[in-house]
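Listed in TrEMBL:
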type    : residues            : note
BINDING : Trp50, Glu71, His74 : chlorophyll a 1 binding site
BINDING : Arg76, Gln130       : chlorophyll b binding site
BINDING : Leu150              : chlorophyll a 3 binding site
SIGNAL  : 1-17                : signal peptide
Amino acid sequence: MKLAISSVALMAGSAAAFGPFGAKAPAASTPVVKSFADDLVGALPPVGFWDPLGFAEKANDSTLKRYREAELTHGRVAMLAVLGFLVGEKVEGNSFLFDAQVSGPAITHIGQVPEGFWALLLLSIGAAEQFRAEKGWVDPSEVPIDQPGLLRDEYIPGDIGFDPLGLKPEDPEEF
(Lines of atoms letter the chains of each structure in order from A; the text may use other names.)
(Lines give C-alpha, C1' and ligand atoms only; values in the text may rest on other atoms or scores of the structure.)
Protein backbone atom coordinates (compact mmCIF):
# COMPACT_ATOMS: atom_id res chain seq x y z
CA MET A 1 0.00 0.00 0.00
CA LYS A 2 2.80 2.41 0.91
CA LEU A 3 4.54 1.57 -2.35
CA ALA A 4 1.40 2.35 -4.36
CA ILE A 5 0.88 5.71 -2.64
CA SER A 6 4.54 6.63 -3.10
CA SER A 7 4.42 5.67 -6.79
CA VAL A 8 1.30 7.77 -7.43
CA ALA A 9 2.83 10.76 -5.63
CA LEU A 10 6.04 10.48 -7.65
CA MET A 11 4.17 10.17 -10.96
CA ALA A 12 1.95 13.15 -10.16
CA GLY A 13 4.97 15.27 -9.31
CA SER A 14 6.90 14.28 -12.43
CA ALA A 15 3.89 14.86 -14.71
CA ALA A 16 3.93 18.53 -13.80
CA ALA A 17 7.36 18.81 -15.39
CA PHE A 18 5.84 18.15 -18.83
CA GLY A 19 2.83 20.45 -18.53
CA PRO A 20 2.36 23.67 -20.48
CA PHE A 21 4.13 26.74 -19.26
CA GLY A 22 2.42 30.13 -19.21
CA ALA A 23 3.84 33.21 -20.83
CA LYS A 24 6.15 35.07 -18.53
CA ALA A 25 5.85 38.77 -17.97
CA PRO A 26 8.93 40.76 -18.91
CA ALA A 27 11.19 41.48 -15.95
CA ALA A 28 11.16 45.04 -14.74
CA SER A 29 14.47 46.74 -15.30
CA THR A 30 16.26 48.15 -12.31
CA PRO A 31 18.85 50.89 -12.41
CA VAL A 32 22.42 49.74 -11.93
CA VAL A 33 24.01 51.31 -8.89
CA LYS A 34 27.78 51.33 -8.76
CA SER A 35 29.05 50.24 -5.36
CA PHE A 36 32.29 49.54 -3.58
CA ALA A 37 31.99 45.91 -4.68
CA ASP A 38 32.26 46.81 -8.37
CA ASP A 39 35.76 48.20 -7.86
CA LEU A 40 37.14 45.31 -5.81
CA VAL A 41 40.31 43.66 -7.01
CA GLY A 42 39.45 40.43 -8.75
CA ALA A 43 36.30 41.67 -10.51
CA LEU A 44 37.61 40.94 -13.99
CA PRO A 45 36.05 39.79 -17.26
CA PRO A 46 34.56 37.36 -18.17
CA VAL A 47 33.18 36.64 -14.69
CA GLY A 48 33.13 40.20 -13.37
CA PHE A 49 31.89 40.68 -9.83
CA TRP A 50 31.05 37.21 -8.50
CA ASP A 51 28.73 37.02 -5.50
CA PRO A 52 26.75 33.75 -5.69
CA LEU A 53 25.28 34.09 -2.18
CA GLY A 54 24.19 37.70 -2.62
CA PHE A 55 26.16 39.22 0.26
CA ALA A 56 26.74 42.46 -1.67
CA GLU A 57 23.01 43.03 -2.19
CA LYS A 58 22.33 43.32 1.54
CA ALA A 59 25.51 45.11 2.63
CA ASN A 60 26.64 48.70 2.55
CA ASP A 61 30.14 49.72 1.46
CA SER A 62 31.54 49.55 5.00
CA THR A 63 30.26 46.01 5.51
CA LEU A 64 31.61 44.91 2.12
CA LYS A 65 34.99 46.35 3.05
CA ARG A 66 34.90 44.31 6.28
CA TYR A 67 33.92 41.17 4.33
CA ARG A 68 36.85 41.76 1.98
CA GLU A 69 39.22 42.13 4.94
CA ALA A 70 37.95 38.85 6.41
CA GLU A 71 38.24 37.11 3.03
CA LEU A 72 41.85 38.17 2.57
CA THR A 73 42.83 37.33 6.14
CA HIS A 74 41.30 33.87 6.08
CA GLY A 75 42.76 33.17 2.64
CA ARG A 76 46.25 34.05 3.85
CA VAL A 77 45.88 31.89 6.96
CA ALA A 78 44.70 28.99 4.80
CA MET A 79 47.72 29.36 2.50
CA LEU A 80 50.07 29.31 5.50
CA ALA A 81 48.28 26.24 6.88
CA VAL A 82 48.76 24.34 3.62
CA LEU A 83 52.42 25.34 3.55
CA GLY A 84 52.84 24.21 7.16
CA PHE A 85 51.19 20.89 6.44
CA LEU A 86 53.42 20.23 3.42
CA VAL A 87 56.62 21.32 5.18
CA GLY A 88 55.71 19.29 8.26
CA GLU A 89 55.39 16.21 6.09
CA LYS A 90 58.96 16.54 4.82
CA VAL A 91 60.85 18.01 7.80
CA GLU A 92 61.81 15.43 10.39
CA GLY A 93 64.72 15.19 12.74
CA ASN A 94 66.19 18.17 14.53
CA SER A 95 63.93 21.18 14.72
CA PHE A 96 64.55 24.46 16.49
CA LEU A 97 60.99 24.34 17.86
CA PHE A 98 60.30 20.79 18.92
CA ASP A 99 63.69 19.17 19.55
CA ALA A 100 62.86 16.27 17.18
CA GLN A 101 59.84 15.17 19.22
CA VAL A 102 57.46 15.28 16.24
CA SER A 103 57.65 12.47 13.70
CA GLY A 104 55.47 10.47 11.37
CA PRO A 105 52.87 11.69 8.87
CA ALA A 106 51.73 15.30 9.19
CA ILE A 107 48.18 14.27 10.05
CA THR A 108 49.46 12.90 13.40
CA HIS A 109 51.67 15.88 14.31
CA ILE A 110 49.09 17.93 16.21
CA GLY A 111 48.98 15.45 19.09
CA GLN A 112 52.78 15.39 19.34
CA VAL A 113 53.34 19.14 19.65
CA PRO A 114 54.45 20.22 23.17
CA GLU A 115 51.95 22.25 25.23
CA GLY A 116 54.25 25.27 25.43
CA PHE A 117 53.99 25.75 21.68
CA TRP A 118 50.24 26.34 21.90
CA ALA A 119 50.71 29.16 24.42
CA LEU A 120 53.34 30.73 22.16
CA LEU A 121 51.03 30.35 19.16
CA LEU A 122 48.12 31.94 21.03
CA LEU A 123 50.25 34.92 22.07
CA SER A 124 51.57 35.35 18.51
CA ILE A 125 48.09 35.28 17.00
CA GLY A 126 46.85 37.73 19.63
CA ALA A 127 49.71 40.15 18.89
CA ALA A 128 49.11 39.91 15.13
CA GLU A 129 45.37 40.52 15.55
CA GLN A 130 46.01 43.48 17.87
CA PHE A 131 48.37 45.01 15.29
CA ARG A 132 45.83 44.46 12.51
CA ALA A 133 43.00 45.96 14.57
CA GLU A 134 45.02 49.07 15.43
CA LYS A 135 45.98 49.53 11.78
CA GLY A 136 42.59 49.01 10.15
CA TRP A 137 39.75 49.44 12.62
CA VAL A 138 38.27 52.61 14.06
CA ASP A 139 38.61 52.85 17.85
CA PRO A 140 35.49 51.22 19.37
CA SER A 141 34.81 54.29 21.51
CA GLU A 142 34.37 56.34 18.30
CA VAL A 143 32.12 53.87 16.46
CA PRO A 144 28.33 54.30 16.35
CA ILE A 145 26.46 51.49 18.09
CA ASP A 146 24.80 50.39 14.82
CA GLN A 147 28.13 49.98 12.95
CA PRO A 148 30.30 47.51 14.86
CA GLY A 149 33.68 46.62 13.37
CA LEU A 150 33.98 49.81 11.34
CA LEU A 151 37.15 49.99 9.22
CA ARG A 152 39.07 53.22 8.74
CA ASP A 153 38.23 55.11 5.52
CA GLU A 154 41.86 55.26 4.39
CA TYR A 155 42.48 51.57 5.15
CA ILE A 156 42.77 49.23 2.17
CA PRO A 157 41.56 45.71 3.08
CA GLY A 158 44.52 43.36 3.42
CA ASP A 159 47.16 46.09 3.67
CA ILE A 160 48.55 45.86 7.20
CA GLY A 161 51.86 47.46 6.25
CA PHE A 162 53.91 44.29 6.75
CA ASP A 163 56.32 44.00 3.82
CA PRO A 164 59.78 42.94 5.00
CA LEU A 165 60.94 42.06 1.46
CA GLY A 166 59.71 45.30 -0.13
CA LEU A 167 57.43 43.55 -2.64
CA LYS A 168 54.37 45.78 -2.17
CA PRO A 169 53.88 48.28 -5.00
CA GLU A 170 53.95 51.95 -4.03
CA ASP A 171 51.04 52.89 -6.30
CA PRO A 172 47.66 52.22 -4.60
CA GLU A 173 46.08 51.40 -7.98
CA GLU A 174 48.72 48.77 -8.65
CA PHE A 175 48.26 47.32 -5.15
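Even glycines carry a Cβ here, placed using N, Cα and C.
No curator has checked TrEMBL annotations; they are predicted automatically.
The 10 Å shell around the Cβ of His74 (chlorophyll a 1 binding site) contains 10 further Cβ atoms across the protein chains shown. Counted within 10 Å of its Cβ, the other Cβ atoms near the residue listed as 'chlorophyll a 3 binding site' come to 18, all protein chains included.
On a Cα basis, Glu71 (chlorophyll a 1 binding site) lies 18 Å away from Gln130 (chlorophyll b binding site). Residues Trp50, Glu71, His74 are the ones the record ties to chlorophyll a 1, and the longest Cα gap between any two of them is 18 Å. Cβ contacts within 10 Å of Arg76 (chlorophyll b binding site), excluding its own Cβ and spanning all protein chains shown: 11. If you compare Cα positions, Leu150 (chlorophyll a 3 binding site) sits closest to Glu71 out of the binding-site residues Trp50, Glu71, His74, Arg76.
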